[in-house]
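Enquirer: I'd like to ask you about the structure that follows.
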Amino acid sequence: MATSAIQHSSFAGQTTLKPSNDLLRKIGASNGGGRIIMRRTVKSTPQSIWYGPDRPKYLGPFSENTPSYLTGEYPGDYGWDTAGLSADPETFAKNRELEVIHSRWAMLGALGCTFPEILSKNGVKFGEAVWFKAGSQIFSEGGLDYLGNPNLIHAQSILAIWACQVVLMGFIEGYRIGGGPLGEGLDPLYPGGAFDPLNLAEDPEAFSELKVKELKNGRLAMFSMFGFFVQAIVTGKGPIENLFDHIADPVANNAWAYATNFVPGK
């Protein structure tokens, strides 16, 4: 399903406005010492190959006519919605928002699933580096030490972890959906300001490209997370160890070999 971001001309939480030199005018001394009047313009349509009717489609030149509601207005729109899940405008807007949020979580999750294993294989000591085994350490006698260091976070209660998760995530989601601390109308997907310390949204054209890149990498990360779950069930190993096993013996360690020999519960 081709879903995407919630907006098309609003950048970094509020409309990105780029004053050009010819839009600055100084009124003479007759206006009390002079004052600056700034008129700002907005580019509503990104000038990019990823937008508009001529954007790349999901099957390239073999793509059929795309649905009328997929116009290329939003990033990540490849014209694919075979099931018509986004035909309703409200559903379409909701799906775009859900995809962006889940993409970001998946990218963080994929990093969290692989990075501890990489560090562990390079000599960094963890209590448990495999992502789906790490959480169970909280049930051990000594509890769970983050990064294997008891001086960081020493967790011993699953209920306390659950409560903190609910409270913190509820607060963050409320902040996001509410448009900021005072309902300031910040964009729920691209709030900008303190959330854009590198000023990546300063240039509207560059930002429109970054939105596409975010979704492309996010979709890949969601598929990766699905693969990590399947690997955990089938092999009982983490993604990095599975990768090393495959490199060492590609014939014996691949999806087809495991699929033909997999017996649930063994």
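Each residue, glycine too, has its Cβ placed from N, Cα and C.
Take a look at what Swiss-Prot says about it:
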- Tyr58: chlorophyll b 1 binding site (BINDING)
- His102: chlorophyll a 2 binding site (BINDING)
- Gln165, Arg176: chlorophyll b 4 binding site (BINDING)
- Asn217: chlorophyll a 4 binding site (BINDING)
- 1-38: transit peptide (TRANSIT)
- 152-172: transmembrane segment (TRANSMEM)
- 220-240: transmembrane segment (TRANSMEM)
Enquirer: Using a 10 Å radius around its CB, how many other CB atoms surround Gln165 (chlorophyll b 4 binding site)?
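Expert: Neighbour count, Cβ to Cβ under the 10 Å cut-off: 10.
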Enquirer: Count the other Cβ atoms sitting within 10 Å of the Cβ of Tyr58 (chlorophyll b 1 binding site), across every protein chain shown.
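Expert: Excluding its own Cβ, the number within 10 Å is 15.
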Enquirer: Among Tyr58, Arg176, Asn217, these being the binding-site residues, pick the one whose CA is nearest to that of the residue listed as 'chlorophyll a 2 binding site'.
Expert: Asn217
Enquirer: Which whole-number value in Å describes the distance between the Cα atoms of Tyr58 (chlorophyll b 1 binding site) and the residue listed as 'chlorophyll a 4 binding site'?
Expert: 16
Enquirer: Ten-angstrom check, please: count other Cβ atoms within 10 Å of the Cβ of Asn217 (chlorophyll a 4 binding site), all chains counted.
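Expert: Neighbour count, Cβ to Cβ under the 10 Å cut-off: 16.
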Enquirer: Count the other Cβ atoms sitting within 10 Å of the Cβ of Arg176 (chlorophyll b 4 binding site), across every protein chain shown.
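Expert: Other Cβ atoms found within 10 Å: 17.
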Enquirer: Round to a whole number and give the Cα-to-Cα distance in Å for the pair Arg176 (chlorophyll b 4 binding site) and the residue listed as 'chlorophyll a 4 binding site'.
Expert: 22
Enquirer: Measuring Cα to Cα, how far is the residue listed as 'chlorophyll a 4 binding site' from Gln165 (chlorophyll b 4 binding site) in Å?
Expert: 26
Enquirer: How many other Cβ atoms are found within 10 Å of the Cβ atom of His102 (chlorophyll a 2 binding site), counting all protein chains shown?
Expert: 17
